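Have a look at the structure below before the remarks.
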Amino acid sequence: MESLQGKESNGAVPVCNGGGGAAAPPAKQQLPEGTDALRYANILRSRNKFADALQLYTTVLDKDGANVEALIGKGICLQAQSLPRQALDCFTEAVKVDPKNACALTHCGMIYKDEGHLVEAAEAYQKARSADPSYKAASEFLAIVLTDLGTSLKLAGNTEDGIQKYCEALEVDSHYAPAYYNLGVVYSEMMQFDVALTCYEKAALERPLYAEAYCNMGVIYKNRGELDAAIACYDRCLTISPNFEIAKNNMAIALTDLGTKVKIEGDINQGVAYYKKALFYNWHYADAMYNLGVAYGEMLNFEMAIVFYELALHFNPRCAEACNNLGVIYKDRDNLDKAVECYQMALSIKPNFSQSLNNLGVVYTVQGKMDAAASMIEKAILANPTYAEAYNNLGVLYRDAGSITLSVQAYERCLQIDPDSRNAGQNRLLAMNYIDEGSDDKLYDAHREWGKRFMKLYAQYTSWDNPKVADRPLVIGYVSPDFFTHSVSYFVEAPLTHHDYTKCKVVVYSGVVKADAKTLRFKDKVLKKGGVWRDIYGIDEKKVATLVREDKVDILVELTGHTANNKLGTMACRPAPIQVTWIGYPNTTGLPAIDYRITDSLADSPNTNQKHVEELVRLPESFLCYTPSPEAGPVCPTPAISNGFITFGSFNNLAKITPKVMQVWARILCAVPNSRLVVKCKPFCCDSIRQKFLSTLEELGLESLRVDLLPLIHLNHDHMQAYSLMDISLDTFPYAGTTTTCESLYMGVPCVTMAGSVHAHNVGVSLLTKVGLGRLVAKTEDEYVSLALDLASDVSALEELRKSLRELMIKSPVCDGESFTRGLESAYRSMWHRYCDGDSPALRRLEVLADQTGEDLNKTAVKLADLKAQRVNATAEEDNQSPVTKFDATSKGGEQPQPQIMVNGVTSPEGNQAVKAQPQIMVNGVSSPHSPSGRCEANGHSSR
């Protein structure tokens, strides 16, 4: 690095008089005299024999004290022996004798400069130049000292004066590279980067091996986002100076940024390569390790992600983002205790880290710790009032606690902040089902508007290569994240098992986050029958659409609707000529790209007033076919026989138990002396939720001592055996149970339900009627109460029904997988025939929509804003219409790493994805000759 002193003289300045000829020294050992003595002294000095030369100069001066050449020579020798004051006396005396002696004046300037007297040094050099304009040494040293003066003034805060001195230096010596360099430093600090870059380029032009200039040029290019140019500059710098630590660190930063850039552009493998190359230049660079963790998380290589997050923490123990993202991984692995530990560690580093506050709240929500969850999410909002996903998760919390109105309000607040929030948009639609009685079209309109907005984010296919042969074997695709022990799995098992694989090639697109034994059983079954199983978890929805087209799927059936981890983005692309929605959601998806919605004539009567974007296709029997769990265990006797009292119960989630439902239940319990109520759902592990529920029933006249509240039971066998606690199951409304109703009936417990005007209200109607218990379907609240009281009045009849109910159910259409699948295949074939005849409901719908909006949806650019790597809260609840819960995982790369909350990393679940956090970003410092700065820390950036 260039020093302020510039070049050292060390006798290099030529002597003015006489000279240093090349004559050999006298043969005799006696000291020469006169002119010979002076010539010999100059020779000795040129050979760095300063002591011997000094003796001769002194001899000469003893005889001729005004000999300027001897005075200068003696001064140089004294200067070389670190005797600057004595040397200055010699040079000063020489100037007295010869005021125009440029050499003596220059040496005076050198001593003044060495002593820090820059002004005096400059004056001496200027006098030397005036005395002899051709004397190059004076100009060179004047340029150096003017540059040093400029730096001193700049450091003292006098920037303009400093610039003036640098410019004066260049007027003196237009080739003096450090002056250009220091001007570059000043203009960089003044944010005038174009001027600074020009100065650095001139410095490098004058001095091609000027490593610092290339380093700082790299800083400017990097800060402009011109990473390739920055890396080229750092590479040139390190070629010149391989051990230049600042440049090596800056190279690591630029490579990390480049890795993040190419990763975001879709080349994650190249991104990983750049991150690893960054570690070659700085093996302890925590940001590169952190971003490797994010990348491996996005590649679903969570073991490697954990390794690099741990390494990032080792080299930067203050990296709260690494702690946060580790928490996301552990949460997704169901290691909730470890996840909580990681989030708490992140918060110990950054107490107001909104992503970790949010994520901790989400875990507490999953655990049913509603009070703790609310506290964390509210703190996240307090830390960042515009943190949209925190409001989304607050909505999930309210939903789980049964406060649907507050839930919808929270989702709408999220959408006010971020109108493109997919999670909040879909969660809002789901929540509205819990309180919709079908009295108006508000919910339909909400779905339709969401669908129109969502479709604009995707380009739609409008032609397919699938041969239009009416009766050829069909390729049926099923797409869902719920091919594990989840409510949907009990209803999709029948077609996976009973499809005629010679007539229907089945392709399963499994988005399961964490596979279990049921997942493996399904996969084995499909593959053995000749089907195809594709694991699509973590794959972009547009890429999934490409897979569907490559598989030439004729009919694509989505099983999720607006619940967690759905692939409606794939459906919006319309990769299959026929698209269907079934079983995962109790309402229209709102997507114009979906042709049909499968139902039956009881869940959606032919004269229904409920509107759907899709065309309804009614199966001949029930639209549901239940495959019981082999872990269910035997039916237990009616508990009233041994208890001496009737126990009513419900295992539906709390969101379905509306105030009106509680009023009706209280009427029933109050009318049956000594009867009890047992309710099981996740939030009841929270004391405040329990107390609120009991207090509401108390206000309705039901003593809390008659109510048993159970939290979520995780083991399926234990959950099913819990039905042995109840004699009669009470369904919810207007959102009826589905899986809970089937479980209740299978365990011998009759269920009372109520018909309504919307699909969600009538699922129980369909199930009970097809099982042969249509008599337990009420049309009004009074009839609902009456039916429950009638059942409770005859314990013997209850016992008889309990003994026969499982067999009755197994023999009914609700459990007849073979017949159900034949009916489903017939419906698929009818859809296909219509398509072959040119009838496509979705295409007609899209044409109308395009005409209405004046847009060509088929040419819409596919870009979903902030769709970061999502990790959503898909919990296996009883009926498990899971809302989308977003975790924030953070991702950073160089200047503005965008995690993925999740969507893109882990930051979010948006696991990596995402909302993404504010990690520490290493910012390039500017190295100057005075005080080269390495790296400094500043807040960067959204993951994911």
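The backbone N, Cα and C atoms fix where each Cβ goes, and this holds for glycine too.
Over in Swiss-Prot, the protein carries these features:
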- 34-67: repeat 'TPR 1' (REPEAT)
- 68-101: repeat 'TPR 2' (REPEAT)
- 102-135: repeat 'TPR 3' (REPEAT)
- 143-176: repeat 'TPR 4' (REPEAT)
- 177-210: repeat 'TPR 5' (REPEAT)
- 211-244: repeat 'TPR 6' (REPEAT)
- 252-285: repeat 'TPR 7' (REPEAT)
- 286-319: repeat 'TPR 8' (REPEAT)
- 320-353: repeat 'TPR 9' (REPEAT)
- 355-387: repeat 'TPR 10' (REPEAT)
- 388-421: repeat 'TPR 11' (REPEAT)
- 422-944: region 'Catalytic region' (REGION)
- 873-944: region 'Disordered' (REGION)
- 897-911: compositional bias 'Polar residues' (COMPBIAS)
Helix, strand and coil residues within the repeat 'TPR 7' (252-285) as assigned by DSSP: 27 helix, 0 strand, 7 coil
For the repeat 'TPR 3' (102-135), the mean pLDDT of the predicted model: 79
Within the repeat 'TPR 8' (286-319), residues counted as helix, strand or coil by DSSP: 27 helix, 0 strand, 7 coil
Residues of the repeat 'TPR 1' (34-67) by DSSP state, where helix covers H, G and I: 27 helix, 0 strand, 7 coil
